[in-house]
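**Student:** One structure, pasted below without further comment.
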Amino acid sequence: MQATWLNSSAKPRRSVSLLRGLVWISVLAYVPLSATYFLASDVTKHRLQDVVLAYVISPSFSYGAGSGNDGHIDTYIGTHSSMLIHSLAGSLSLTLGLSQFSDGFRKAYPKIHRWFGYMYILGGCAFIPLSAINYLLRTGPHQTFSGPAFAQLLWLDAVATALTGFLALHAAIQHKFERHRDLITFNFALMFSAPLLRYGWILLGQFWDETKEFINLIVGVWASGFLSSCAIFYIRTRKARAQRARTPLALSMIVGALASSVFGILFLAAQLETTQWWRPVPLFWSSLPPLMVQYTAFLVLAMVAKDDNSRIYWNTFVLGLFTIPFWASVSFETCRSVFHSDTGTAWYAAVTGGWGSATFFSFLINVYSTTYLVDDRTLTVGYPAAKGLA
């Protein structure tokens, strides 16, 4: 039989090409703002990002109360060195990460692509999360910009970035390149949370008369769900390589997920009476509608899936969303007991931690439950073409 590469010459869908273009533009526009933010040793001086925000939104948004240039500026003095490393490593990793999603670059310059990947992983596994953790430890949850709920979100993001980077490197060493690509895509989505926050400031700041600090928290609420969905849908467009049949979701897993959901709902319901609510309306509109859109999309894709593997893939995410109440209860109690926040703020942590954790663990289950007949470095002989997974 004729040897062929599975999906090696397939052109990306127009939607994927558009997504790539938007990511390129977003990263390249963000990098100068990030890379220069901590270059000056005097953190009280106006930086490029401040100047841009003052121009496109307002001077009060950029320099006034709740801008980060008020009381929070003192937190950067003691952590300037680590934050300089964080901003430079993040800018470099985001730029190098763009090359990792170019099939043409990978095939034309495999050695350069590989070394760029090593540098990207070094930033994602070490410099970025460790410098972020150093900032969080030295600053404390109540002095972190946007408060304890956002501090908890930063902790989750730092740990998830380091973990997915390490797992992606491990998969590449094992020559499991499809798994490597899935993990590195999710890792890049986690890193992309930094530019997404800035673009969220600019968008919401145009019509919402709120401080940067609060808008930052609101964008953080839906950012994890939005970015994880983008990564998941992008990954599925790359799944033309033949897979082995997956085992259907076990009954014990379904029962466990539903039981955890009941536990979480009961726990959270018990907190309602004693909650001192803080800005509940923005929390509602930034969480429930986007969550319902994500759930509906996963459910529809599971229903219209063309084969069993695709159906199991999307059902895993649907089932995972049922665990949100459990992870939300864990996040709520962590924010209240460990970070010593008020109950109103803890609800923000419950939403971000519950939504993000449920999607993240569903993603890992899908990644490690999927195996492929071949990897990128072997020619396929006689294997049937993939079914065009939905």
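Each residue, glycine too, has its Cβ placed from N, Cα and C.
The transmembrane segment feature in TrEMBL is assigned to 21-40, 83-103, 115-137, 149-171, 183-202, 214-235, 247-270, 282-305, 312-330, 346-368.
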**Student:** Is it true that the transmembrane segment (115-137) and the transmembrane segment (312-330) have 3 or more CB pairs under 8 Å, sequence gap of 6 or more?
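**Tutor:** Judged by the Cβ rule, the two regions do not touch, with the required three close pairs absent.
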**Student:** Near the transmembrane segment (346-368), which residues from the same chain, at least 6 beyond its ends, have a CB less than 8 A from one of its CBs?
**Tutor:** 148-150, 152-153, 156, 160, 179, 182-183, 186, 217, 220-221, 224-225, 228-229, 231-232, 264, 268, 271, 275, 277-278, 280, 283, 287, 291, 294, 313, 316-317, 319-336, 339
**Student:** Looking only at residues six or more beyond either end of the transmembrane segment (247-270), which have a C-beta under 8 A from one in the stretch?
**Tutor:** 308, 312, 315-316, 319-320, 322-329, 332-333, 350, 354, 369
**Student:** Short question: most Cβ pairs under 8 Å with the transmembrane segment (214-235), which of 21-40, 83-103, 149-171, 183-202, 282-305?
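**Tutor:** Maximum Cβ contact count belongs to 183-202.
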**Student:** In the same chain, which residue numbers or ranges, 6 or more beyond the ends of the transmembrane segment (21-40), come under 8 angstroms Cβ to Cβ?
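**Tutor:** Distant Cβ neighbours of the transmembrane segment (21-40) are 47-49, 52, 76, 80, 83-84, 86-88, 90-91, 94-95, 97-98, 101, 192, 194-196, 198-199.
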**Student:** For the transmembrane segment (83-103), find every same-chain residue at least 6 residues outside the stretch whose CB is under 8 Å from a CB in it, and list them.
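**Tutor:** For the transmembrane segment (83-103), the far contacts come to 8, 20, 23-24, 27-28, 30-31, 34-35, 37-39, 76, 113, 116-117, 119-120, 123-124, 127-128, 131-132, 135, 184-185, 188, 191-192, 194-195.
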